[in-house]
Amino acid sequence: MTFPVEKVRADFPILQREVNGLPLAYLDSAASAQKPNQVIDAESAFYRHGYAAVHRGIHTLSAQATESMENVRKQASRFINARSAEELVFVRGTTEGINLVANSWGAENIRAGDNIIISEMEHHANIVPWQMLCERKGAELRVIPLHPDGTLRLETLAALFDDRTRLLAITHVSNVLGTENPLPDMIALARQHGAKVLVDGAQAVMHHAVDVQALDCDFYVFSGHKLYGPTGIGILYVKEALLQEMPPWEGGGSMISTVSLTQGTTWAKAPWRFEAGTPNTGGIIGLGAAIDYVTSLGLDKIGDYEQMLMRYALEQLAQVPDITLYGPAQRLGVIAFNLGKHHAYDVGSFLDNYGIAVRTGHHCAMPLMAWYGVPAMCRASLAMYNTHEEVDRLVAGLTRIHRLLG
């Protein structure tokens, strides 16, 4: 059975619009995916008919909103096959989830002389929090280097570990190169040294199923807005035993058990002690609708379609004169490229004139840009609603730009 891409496209109202008098070809889903009617309608219905502050409310609307929120926690736990819904913390997104781990688990467990391992392909969200932590603690940040094809030099990884390695923080899929890292092998090596493992799953969960129990990672984090859900909501998974030991990193309402001016404060149990203040309940409802949506289509079918489209795109783009493609042949979601010596911003601006939306810049991966010796790249993302025709338009646009700019 073929993937129903036209039916899927009909669910996304923004795909019906034009840009500069041409049909929109949205090739920027790795930055933020568009939203289907099912997500828009679910969040709208909540605000129209079901909104109330969650927790402790005795009235019907509050009780129903709280139940809806906790049902999404259960739904998200099934989505990544967590052992328990109480292993999931609602966060604003991947960035906040990583910072939570750094400022809670990291603050308690990293000591002077310890080390944390990351890779050269990481998003800044999985670099900067660890830099800040290491600077505060007197710890060392170690880096897995790259091969020219955009895969990690895994032969160097074993030498980076020692008895002071406390954490491996690694992206599941590179947001620039599309490289899917071999997590089982990397996690097994971390286990040999007693290190914990955090996985940045922001670019993975929309492309194929994720099973955190099978991975045996300690932390897994992703954002809703890249999964066709709302902005301002994400999921941090933490193994229950670890989560129960972690102290809160933000104080306020909802995360306490008792507060006394003379006796101090006691915390709520996890995960609620990590959810200070009024949550983004509407975003949580929208995230649940997004999970429902991709689950109903089947992540295996989505993945098969996207891989077929990726193969086609790589074949066609390789024929564009003076193009440089970055990353491995086998990849997920993104194609980074440059056209001759032209700056990525110029290429992206021309493509926008043709109604084609791509991302340009350093993609929050400046160390990776430095490794390739370029200030910026163009990046085209392929999502489940993209088509062969849109790939053809991208190729034609780049060919025309090459002809115009020389």
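Using the three backbone atoms N, Cα and C, a Cβ is placed for every residue, glycine included.
Annotation note: CYS364 (active site, cysteine persulfide intermediate) sits in a coil segment as assigned by DSSP. As annotated by Swiss-Prot, active site, cysteine persulfide intermediate applies to CYS364.
The N6-(pyridoxal phosphate)lysine feature in Swiss-Prot is assigned to LYS226. Non-local contacts of LYS226 (N6-(pyridoxal phosphate)lysine) by the CB criterion (under 8 A, 6+ apart in sequence, same chain) comprise SER29, ALA30, SER32, ALA33, ALA202, GLN203, VAL205, MET206.
Within its own chain, CYS364 (active site, cysteine persulfide intermediate) has HIS123, HIS124, ALA125, ASN175 as residues 6 or more apart in sequence whose C-beta sits under 8 angstroms from its own. In the three-state DSSP reading, LYS226 (N6-(pyridoxal phosphate)lysine) counts as helix.
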